[in-house]
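Chemist: Let me begin by handing over the structure; questions about it come next.
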């Protein structure tokens, strides 16, 4: 199974493909899509979409994971980031890939064990997990690989049970609740 992780951005979008089959994570491909230096935001969105469609067609991933935008102080920046995420998701959806979303804290915790890890710590763990110490990844690329690994970790530990809240857990597991 190949997982495509994407770290969307309005200036650069990182992507990373990993294959977690067999318990060892293998690096398939990774890079950063540098977007044209233009003020025309729709053109950048098309570049993200087109580049990711090319990556999907070239590598045939089975699943797609993307980082959710974090809340910031600048509403315009948040809108641009959300649109970049949407362009990435549309590339996956138009190729019939299932889409998963993760917060930055979820990704960091999954890869480093610390939801507040620095970019340097994330990069170190990516190189270690993927046995890629001879490679240095740009931050956007390392983040995308971390997103793919996070998704792989989630799949590996998914027991099939999903709950929408405490009430649904109690309904599904009455024997595990004591009064």
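Yeah, the Cβs are placed from backbone N, Cα and C, and that goes for glycine too.
The feature active site is assigned by Swiss-Prot to 7, 67, 140. What Swiss-Prot lists as Mg(2+) 1 binding site is 7, 140. Among the features that Swiss-Prot reports, Mg(2+) 2 binding site is placed at 67, with the record citing sequence analysis.
Describe the structural context of these features.
Modeler: Other Cβ atoms within 10 Å of the Cβ of residue 7 (active site), summed over all protein chains shown, number 28.
Annotation for residue 67 (active site): spatial neighbours 6, 7, 8, 85, 101, 102, 103, 104, 107, 143, 147, criterion Cβ-Cβ under 8 Å with sequence separation of six or more.
Over all protein chains present, the Cβ of residue 140 (active site) has 24 other Cβ atoms lying within 10 Å.
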Chemist: DSSP secondary structure for residue 140 (active site), reduced to helix/strand/coil, please.
Modeler: helix
